[in-house]
Amino acid sequence: MGNTCVGPSRNGFLQSVSAAMWRPRDGDDSASMSNGDIASEAVSGELRSRLSDEVQNKPPEQVTMPKPGTDVETKDREIRTESKPETLEEISLESKPETKQETKSETKPESKPDPPAKPKKPKHMKRVSSAGLRTESVLQRKTENFKEFYSLGRKLGQGQFGTTFLCVEKTTGKEFACKSIAKRKLLTDEDVEDVRREIQIMHHLAGHPNVISIKGAYEDVVAVHLVMECCAGGELFDRIIQRGHYTERKAAELTRTIVGVVEACHSLGVMHRDLKPENFLFVSKHEDSLLKTIDFGLSMFFKPDDVFTDVVGSPYYVAPEVLRKRYGPEADVWSAGVIVYILLSGVPPFWAETEQGIFEQVLHGDLDFSSDPWPSISESAKDLVRKMLVRDPKKRLTAHQVLCHPWVQVDGVAPDKPLDSAVLSRMKQFSAMNKFKKMALRVIAESLSEEEIAGLKEMFNMIDADKSGQITFEELKAGLKRVGANLKESEILDLMQAADVDNSGTIDYKEFIAATLHLNKIEREDHLFAAFTYFDKDGSGYITPDELQQACEEFGVEDVRIEELMRDVDQDNDGRIDYNEFVAMMQKGSITGGPVKMGLEKSFSIALKL
């Protein structure tokens, strides 16, 4: 699922590392092999073993990348470079289907790199029995009929697993992009899980202004259909080709957007793993159009201190620790650093005639700041690139440190503090709501599908250390510390008490989901109406004090003053709450009711875009 196309696509770096040929090192180099060399040899064996017998050591015929404006179908490609390109457009490509990379993550640290593996025949993949014919085999739930709501238009792009079409919502006439994934191409259980995880992560990141939004997922006998917002402005990659390179001011602006997405993803426990210019689309053709991140097919949920070992990504952008098969979210910052280099110069920082050579350069090559246009680029820009492309991930800048760098700052003003983890920031928001709104969020949370809350479930499991299904004060304290939160015990206790709506002394799974749910979920009319209907027990169209009291009893909410809750929401003072008043309460800013300390409200001024 690593090649999602949402809009027209003519990309030059569109091939996963897993399909690369890694040739053995010459014998006279062996004496000087470093740890990185040994690791690269280990990668060599693994990658070689996954290639088909048809792949040869000789280079394939070249296919020159089409110039902007040429109408070609987007395909997965292997990358070859003949010589250092003057522009991205001079990079030659091989038109060839991608080999699927096995994507199994490991969290156990390894004492030393794997020894070089000998070439061997490719492994046979385990097929899912009748995967392309089994209803509900992918989404694991019954969905509505996609064709009843949307009509398909022209094709926008083609990937290994799916084809993206323009689609129109029949009731509104609004245009969206629909990625249709053929179920017959999902050959393994892992392929199916990749699709599920991609959908889960898109829901988890929903609400960020620079992440493409998912409207819904549908499944029929032959395909899974992902309906997303349509970005008609084309790829960042294409604009780089058209320009050659960006001005420093514009490059810094784009860097803020790209790295801002990385910081937000990491705060939500998501690692993208395939950042490249092709995976950023402009909403429109306008010069100042909003930029959106797409394609979460290789993305993974991660916990602090997790170590991943599967080699995925795209050759020019892959971090050295990924090739060494021991990495974490820092790899995303490396990839973003490569993009910054390209924005400024128009060419990738690490290039070679073969993919093996590209990887060698990634592991050992020097950055070129002497060729044009680098002599005319500021020292501050070069300093940032150097610090983003440090090979030791422990010494590399974090996403927040990049945003604080003088070259990236807006008018010399850095962000005041890193983004809180999603758990902390959302619990702070929840803590300032009155109990009526908390109960309403609980109702909405219980109506969401598993794929919509899968990311929050990962977070709950990370904090619930003893797997009891209940988060204790000590577990919440330890969990927040793991994600970098530095709070006093009194502040943690305030959050605990705010989320513990039924006053049980712990936070159960449903309370946690309600407390950490992104508030964009309450923008949907169907969610709002379902929640209102829950409280309107007699179906009169109004919520009365007695009905609100009954709801409090059902949720185990005690020590609540019904009159005060009603007065906060009842705008026309008729002693009852109609639907419009209920919606106004749900959609306006946090309402400070209940025992939560007002000091927590200062955190809401953080420019949090999750």
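Quick reminder: no glycine exception, Cβ is built from N, Cα and C everywhere.
The shown structure was predicted, so the numbers you read here are calculated from the model rather than taken from an experiment.
Given the ranges 197-227, 383-413, 414-444, the record in Swiss-Prot names 414-444 as region 'Autoinhibitory domain'. Site annotation (Swiss-Prot, ligand ATP) includes Leu156, Gly157, Gln158, Gly159, Gln160, Phe161, Gly162, Thr163, Thr164; from Lys179, Lys183, Lys250, Lys276, the additional listed residue is Lys179. For Asp570 (Ca(2+) 4 binding site), other Cβ atoms within 10 Å of its Cβ number 19.
Of all the binding-site residues in the list Asp464, Asp466, Asp500, Ser504, the shortest Cα-Cα distance to Gln158 (ATP binding site) is found for Asp464.
Taking only the Cα positions, the spacing between Asp570 (Ca(2+) 4 binding site) and Tyr542 (Ca(2+) 3 binding site) is 11 angstrom.
Across the structure, Ser540 (Ca(2+) 3 binding site) and Arg576 (Ca(2+) 4 binding site) place their CA atoms 11 angstrom apart. Counted with DSSP, the domain 'EF-hand 4' (559-592) comes out as 17 helix, 2 strand, 15 coil. Cβ proximity to the Ca(2+) 1 site centre (mean Cβ of Asp464, Asp466, Ser468, Gln470, Glu475, cutoff 8 Å) flags the following additional same-chain residues: Ile463, Ala465, Lys467, Gly469, Ile471, Thr472, Thr506. In the predicted structure, the domain 'EF-hand 4' (559-592) carries a mean pLDDT of 81. The binding-site residues near Gln470 (Ca(2+) 1 binding site), taking a 10 angstroms Cα-Cα threshold over the set Leu156, Asp502, Tyr542, Glu547, Arg576, Glu581, amount to none.
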